[in-house]
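Heads up, the thing below is written out as structure tokens.
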Ligand SMILES: Nc1nc2c(ncn2[C@@H]2O[C@H](COP(=O)(O)OP(=O)(O)O)[C@@H](O)[C@H]2O)c(=O)[nH]1
Ligand SMILES: [Mg+2]
Ligand SMILES: [Zn+2]
């Protein structure tokens with residue numbers, strides 16, 4: 001039976017790419033019974049009558065993200081604008097926790113560099129991001145800046161562009177691939193954020209090899225599947241210190257002999273990152289139980 005990859009899911013249909021052919025497929029009812037939802041990125045087996053198809057099997061996934069919903073990515077490009085909307089370091093740290101939890105590599109992409117008049121401001125944000133230990137790329141789709149740097153990261157990978165709406169994800173993909181004409185929208189001056197122009201997750205096959213997904217933006221991201229005692233594992237610079245706290249089960253808040261707090265005090269961990277750790281820990285403790 002033919003096999004392919006789901007590149008788009010829309011209105012109950014899955015679009016499966018097999019070589020140069022795109023098959024419009026339904027999913028078998030058995031998936032619903034088993035609680036499996038096929039995702040964009042899934043490798044699937046399907047049957048076809050020559051025009052339409054039916055997805056009959058979903059292969060085991062190497063990774064899975066809930067927001068945006070996508071399977072088998074090995075890399076997330078976290079897209080954050082330097083301005084319009086203003087750079088949001090807390091949201092960046094939240095995304096980083098989620099990609100770490102999913103076991104996916106992250107690349108930070110700072111967009112709209114042309115809008116920041118002060119080079120010192122860009123330097124400050126860039127330095128902060130680099131110090132966490134992730135690759136950082138500064139881009140401008142308008143000024144065609146940093147586009148080739150992004151391309152180098154995409155080749156051969158299955159990547160997702162993730163970030164708030166209006167930060168310039170679709171514009172960046174259009175700048176990367178001139179034959180693409182993804183819809184983009186000006187951000188609302190009143191709300192200071194983007195409109196949701198990209199309404200679904202869609203995988204694009206790269207001419208150089210690999211795949212990249214454009215995704216809709218979203219305004220919130222929660223920690224439903226992350227427990228308080230694992231949160232520090234998803235802060236890269238804290239993970240290395242975790243065996244060194246005096247108490248097992250240390251949550252790094254005010255326990256004596258805490259190696260994380262010692263590193264914050266010594267300036268080895270950025271205090272802003274630690275503050276976000278405490279914010280997220282509180283958010284996890286305050287969350288309503290799920291039934
Ligand atoms: N000045 C400037 N504006 C940009 C840049 N990239 C995107 N924009 C604008 O930001 C708005 C949102 O872009 P879009 O690509 O739709 O964002 P998305 O929601 O993340 O896909 C549009 O008005 C774009 O023209 C850039 O590099 N510089
Ligand atoms: Mg978009
Ligand atoms: Zn500790």
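Glycine too: its Cβ is placed from the backbone N, Cα and C atoms.
Residues annotated as GTP binding site in TrEMBL: 111, 112, 113, 114, 163, 164, 165, 166, 167, 168, 169, 170, 171. Sequence annotations record features per position, and here TrEMBL assigns Zn(2+) binding site to 245, 250, 252, 258. The annotation domain 'CP-type G' is assigned in TrEMBL to 62-221. According to TrEMBL, the domain 'EngC GTPase' annotation covers 71-219.
Put simply, of the binding-site residues 245, 250, 252, 258, the one whose Cα is nearest the Cα of residue 165 (GTP binding site) is 252. Taking the C-alpha positions, the distance from residue 171 (GTP binding site) to residue 252 (Zn(2+) binding site) comes to 41 Å. Taking the C-alpha atom of residue 250 (Zn(2+) binding site) as reference, the shortest distance to any of the binding-site residues 111, 113, 163 belongs to 163. Between the binding-site residues 111, 165, 171, 111 has the most other Cβ atoms inside 10 Å of its own Cβ, all protein chains included. Taken together, the residues of the domain 'CP-type G' (62-221) have an average pLDDT of 88.
Cβ proximity to the Zn(2+) site centre (mean Cβ of 245, 250, 252, 258, cutoff 8 Å) flags the following additional same-chain residues: 242, 246, 247, 251, 253, 255, 257, 259, 260, 261.
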